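Annotated features, as they stand in TrEMBL:
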- 20-45: transmembrane segment (TRANSMEM)
- 57-77: transmembrane segment (TRANSMEM)
- 89-107: transmembrane segment (TRANSMEM)
- 165-185: transmembrane segment (TRANSMEM)
- 213-231: transmembrane segment (TRANSMEM)
- 276-296: transmembrane segment (TRANSMEM)
- 326-346: transmembrane segment (TRANSMEM)
- 358-380: transmembrane segment (TRANSMEM)
- 448-469: transmembrane segment (TRANSMEM)
- 481-502: transmembrane segment (TRANSMEM)
Amino acid sequence: MEVDYARVTTAEAASPLRKIISVASIAAGIQFGWALQLSLLTPYVQLLGIPHKWSSLIWLCGPVSGMIVQPIVGYHSDNCTSRFGRRKPFIAAGAVLVAIAVFLIGYAADFGHLMGDPKKGTKTRAIAFFVLGFWILDVANNTLQGPCRALLADLSGSEHKKTRTANAFFSFFMAVGNVLGYAAGSYTNFFHMFPFTETKSCDVYCANLKTCFFISIALLLTVTIIALSYVKEKPWSPEQGKTVDGGEITDADDKPTKTPFFSEIFSALKNLERPMWILLTVTALNWLAWFPFLLFDTDWMGKEVYGGTSGGTAEQLRVYDNGVRAGALGLMLSAIVLGITSLAIETLARWIGGVQRLWGLVNFVLAICLVMTVLVTKLAEAHRRNDVIMTANGHLLPPPSGIKAGALAIFTILGIPQAHVQVTFSVPFALASIFCKTSGANSSAGQGLSLGVLNLAIVVPQMVVSLLGGPFDALFGGGNLPAFVFGAVAAAASGIVAITMLPSPPPGVSTKAVVGGFH
């Protein structure tokens, strides 16, 4: 039989590095916006009138969309037969959705005012627009990021070295986006670039947020358009899954492997070996520790450290905003340390005695830092009780430089455990894949199981914190410290379990190929 070699697929050669870099640069645009979300949106939603007790609920969309949207987008991206390619339509759609979401968030106060919101008090209509935009933004990020990583894998071909290089560039651009986003969030005069952003219903704090998001969407659309225009993706069809076998064209893999969805995931839970259960426990505790601080870190700086409030006088609001901006500066310092630490993860793991021991130790660092927020808060409160905190013209003074330095030091040191590109994400997924393979699962099932089951261990704790974090704080007076102390206990527990119970990978098995490859 004559073989039609036009239908025969072989291991594709890797694309040039410049194409991989252009796609990886999209991560800078994604992460710039994510940094703004983390640093500014919890304080902003309180300015719109949502009490601190309920402000954490808006973050419920992140884990929900991560659990539902990611698998759906991943599956349809793998099966997409568009003439533009498998990944590019989803990347383009995600970028457009981000632009729509940012527009709704930035103009929420203006839309609310047009529809009858009062100047003071709870702005119900603005909150509705904000929440809608916030949820669209999280769905858009999940729509954008997964196919972007998948396209990098496609461009890397079968070269493992090129795959690691692509992941490294993606992580590098994530770090760049983090630093730029937090730096933008810490600057108070961006709104002067676009004076029209300040309106009757949108004061300077709102206008500055709006301007930061304009910069964010401009960056994302620029890098996305450049990457999608420069990188050409071949259309996919099931015919590409056919290979030559003794002169015959046979179906090697007509359909891409499907990521396990709810029924498969819950079925897999029944058959997990003990190492996987321990890994799930460590991961879940780790996220119970991290998520409260990720939600309320800049709010803590504005309220507990600087002594401002989002619902008080104009002067208290000014001080609160200064504290939020200082918190964004702390997050920028944390991102810098995160990037530096990420480069040394493999070396640290070998020096300490394994990735599971490293993971345990950085959780103790996290626990100590969260406990230290209590000390810094008490020192700031003592200063406000015992010292002069107001100038002759009625301006509230910021905390002393020593207290500010202590708070910023906590943010900076947290960059070590927050090297989550390697530790909080890649190490758990690498270990999960290894444990699944050594327990008898085949390679593709092991990878799918590590993604599906471990995703539950990440998103369920985030849902718990989003639902209960604010009410839990309210039980103890309404500040941020109760959730931080709870996080410290969870971090310590995660560290203990990781060091004492989590098995080491089998001899000769490395997590190197996965490090830096998931976010």
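Note: Cβ is positioned from N, Cα and C throughout, glycine not excepted.
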Contact between the transmembrane segment (326-346) and the transmembrane segment (165-185) (at least 3 Cβ pairs under 8 Å, separation 6+): yes
Outside the transmembrane segment (481-502), six or more residues from its ends: residues with CB under 8 Å to it: 275, 278-279, 281-282, 285-286, 288-293, 295-296, 300, 304, 356-357, 359-364, 366-368, 370-371, 373-374, 377, 431, 465, 469, 472-473, 475
Annotated stretches the transmembrane segment (89-107) and the transmembrane segment (358-380) touching (3 or more Cβ pairs under 8 Å): no
Beyond the flanks of the transmembrane segment (213-231) by at least 6 residues, Cβ under 8 Å: 15, 19, 22-23, 25-26, 28-30, 32-33, 36, 88, 91-92, 95, 98-99, 102-103, 105-106, 151, 155, 180-181, 184, 190, 194, 197
